[in-house]
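Single-structure report; data block below.
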Amino acid sequence: MATTTGVNSDLAKERNNSTFDVEELSNFIYRGPEKVKRRRYLHNLATKDPFFRKFKPWAFQTREEQYEICLQKHLYINKKCKELNLTEPVDKFFYTEAAAPHENSPIGLHTVMFIPTIEKQGTEEQKKRWLPLAESLKMIGTYAQTEMGHGTFIRGLETTATYDPRTREFILNSPTITSMKYWPGNLGKTTNHCLVMAQLYTQGKNCGIHMFMVQIRDLETHMPLAGIEVGDIGPKFGYGTNDNGFLRLSNVRIPRENMLMRYSKVLEDGTYVKPPNAKIAYGSMVLVRAAIVTDAARALAQACVISIRYSAVRRQTEVSPGGEEAQIIDYQTQQYRLFPLLATSYAMYFAGRFMYDFYLKTTAEIEGGNLDSMPQLHAISAGLKAFSSWMCSAGVETCRLCCGGHGYSHASGLPKIYIDVVPGCTYEGENNVMMLQVARFLMKMYGKLQNGEALPTFMQYMSTDLNKKSCMTEEVALNCLVMAYEHRAARMIRDAAASMEKLVQSGKSPVEAWNGSTVMLTWAAIAHCHAFVTKLFVETVVKSRMDSKVQSALTSLCKLYAVHGIVENLGGFIQDQFFDSKQVKILQKKLMQLLAEIRPNAVAFVDAFDYPDEVLQSCLGRYDGQVYQALYDYAKSSPMNEKEVLDSYYKYIKPAQNGKYQQYSKL
Ligand SMILES: CCCCCCCCCCCCCCCCCCCCCCCC(=O)SCCNC(=O)CCNC(=O)[C@H](O)C(C)(C)COP(=O)(O)OP(=O)(O)OC[C@H]1O[C@@H](n2cnc3c(N)ncnc32)[C@H](O)[C@@H]1OP(=O)(O)O
Ligand SMILES: Cc1cc2nc3c(=O)[nH]c(=O)nc-3n(C[C@H](O)[C@H](O)[C@H](O)COP(=O)(O)OP(=O)(O)OC[C@H]3O[C@@H](n4cnc5c(N)ncnc54)[C@H](O)[C@@H]3O)c2cc1C
């Protein structure tokens, strides 16, 4: 029975029954007790700061208020980060996630893409000129690449930057309606500068797409400059806090020094100097793709916290007539929907940790002049970005559905998380397109394998003997699970390659053969990413040092991740009889056992993510489980309840009850 004060008794029982110390697991997730302490300190700074609590809740704000309030919050965050000397990205990330949870920043693109692009693509002189202005917000900028007509195919962008050697200027133009920049975050109303991706023309030749710094608004009045038409694109599925914008450029002249020239250059006379690798200009996209993995993991983790705590508190339906109603977490169907997502949130967190480290290591090499790992970084970041945003967005929606009716209310906090995470499937490269980039890399690797060339370590599984059968026994060993994923990926890569080969042999061109095989190529890329994430999870639990009880519980969760993925995608695993029917039964049985094994630790697993209530902003996911009182308070706080009788009653309902409809004819 739930009490109305203190911690809900069901939730308290759950916490008593867990088999491991939650603090130990938090220490493992966040890489040590010192880091947990630091994260809590940063969360506390934000959640205890009265500034962030003075605004009405996000769900009760109009679009204009969402923008304005979020802008104030992020400008304040910016000021506090400086005062507190928070310079590390991880510190800023934790402080921000607590200060403005899932509220996409009106100066976010400035921080996440504008400044990093100057840092990575600018010359020393350009960095010296722009970075201090950008840091002090005198320049507020965005990354303006996507156009109304082209987002994916960036070589097809239509904006032009034509070099005029007489004045040593570039002239920027949006020659068609489809060439107008459309979607860049913060562009509509906030920014006064843009990094514009445009086709470079010099000495009568097109040299491909390059980045140019363009001032779009007056620094004093904030009015658009001559030749600039700019504005907000209007309401969207979410992202109400963000003024995604449009931009039309008409004969806008900028000095030659405004082309980002660290790698490619245009000399004064108009001579073009090529970069060492044309794709180096895509580096800012790679950075954000890498960051999206952690961002998506965090969204799913928070959704699991809400949904699993609520499932422990919520009771529905007497199991035997007249008996006690069961906690909904005890229904096997609820466990089957939620626990694999819990496992996925851990898998994605570890993938995010890996991605961040790999990004830092590889970009350091690139900056040192060694570009060898660029293709790997591109393939891994594109694949993990797509895989994590797909899995986590779908997972958040399932968590919402698992909360029944209350999941549909903003009081649950789940819709806000969903609309914040789901555009990650589209921005920074639409997911299907990203998976095809992965497939392109896989086909290259397959070619190397055929030629007997060496493969990078993470691709060596491709040389597996595809006639081999699974080693799976009743024990369901982790290594047999990894082998299954790698077998499936290797076979799908081979099948996709064979499909292309067959089409070529039938007279199709390589491009036609590629287009005729993209579904199989996408299957192969997804299978590869699934294998990659599973292996990473397994290696994390097997090789890392941690408390033995935590390790045992985490091993069950990892096994669930792997077994569930096989059972849900069985076709791909049995197509070549890799598993026989006896082994399939073993896996199905193991899946049910694992659900039962994880059940006593479900709440502890979500508690270990250590998200304070102020971050979750959910009546259902509260640490104390007092969900009903919270729902009642939430309903009472709705602006719709400020008056007992709304004006609309007198204006519309009352007259209608009296058969009077004249007010409509006035319209
Ligand atoms: C434990 C907790 C730790 C916490 C730590 C956290 C720290 C992190 C802090 C930060 C957190 C912040 C959270 C972030 C949340 C996110 C908020 C984001 C807000 C929204 C931002 C949205 C911005 C945008 O959307 S910008 C626009 C993005 N646009 C795209 O992505 C366009 C997609 N299209 C493309 O990329 C290309 O067109 C592509 C790749 C599809 C094709 O390119 P192209 O036409 O040039 O290709 P081809 O000529 O066909 O050549 C292909 C060839 O090129 C290679 N290649 C392509 N790209 C790259 C690359 N980037 N690098 C290297 N190589 C590349 C490709 O592999 C091919 O090679 P081949 O050898 O020829 O095969
Ligand atoms: C919230 C949000 C914020 C954004 N912020 C920014 C920003 O700050 N700066 C910026 O420049 N842009 C931004 N964008 C734009 C974003 O990067 C693009 O929308 C994205 O890259 C997808 O491109 P697209 O819209 O042209 O989709 P399209 O390419 O038109 O995709 C439509 C469909 O066609 C398919 N498709 C397209 N090409 C291929 C192909 N080659 N093979 C197979 N299928 C294909 C896709 O899979 C998809 O299903 C933002 C978008 C959103 C939603």
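In case you wondered, yes, glycine gets a Cβ from its N, Cα and C as well.
Remember, TrEMBL labels are computer predictions, not curated facts.
Feature annotations, courtesy of TrEMBL:
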type: DOMAIN; residues: 21-140; note: domain 'Acyl-coenzyme A oxidase N-terminal'
type: BINDING; residues: Thr146, Gly185; note: FAD binding site
type: DOMAIN; residues: 282-443; note: domain 'Acyl-CoA oxidase C-alpha1'
type: ACT_SITE; residues: Glu428; note: active site, proton acceptor
type: DOMAIN; residues: 479-656; note: domain 'Acyl-CoA oxidase C-terminal'
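Annotation for the recorded positions Thr146, Gly185, Glu428: lowest Cβ count within 10 Å of the residue's own Cβ, Thr146. Averaged over the domain 'Acyl-CoA oxidase C-terminal' (479-656), the predicted model reaches a pLDDT of 97. The DSSP secondary structure for Thr146 (FAD binding site) is coil.
Here the Cα atom of Thr146 (FAD binding site) is found 10 Å from that of Glu428 (active site, proton acceptor). The secondary structure of Gly185 (FAD binding site), as reduced to three states from DSSP, is coil rather than helix or strand. Rounded to a whole number, the C-alpha distance linking Glu428 (active site, proton acceptor) with Gly185 (FAD binding site) is 12 angstrom.
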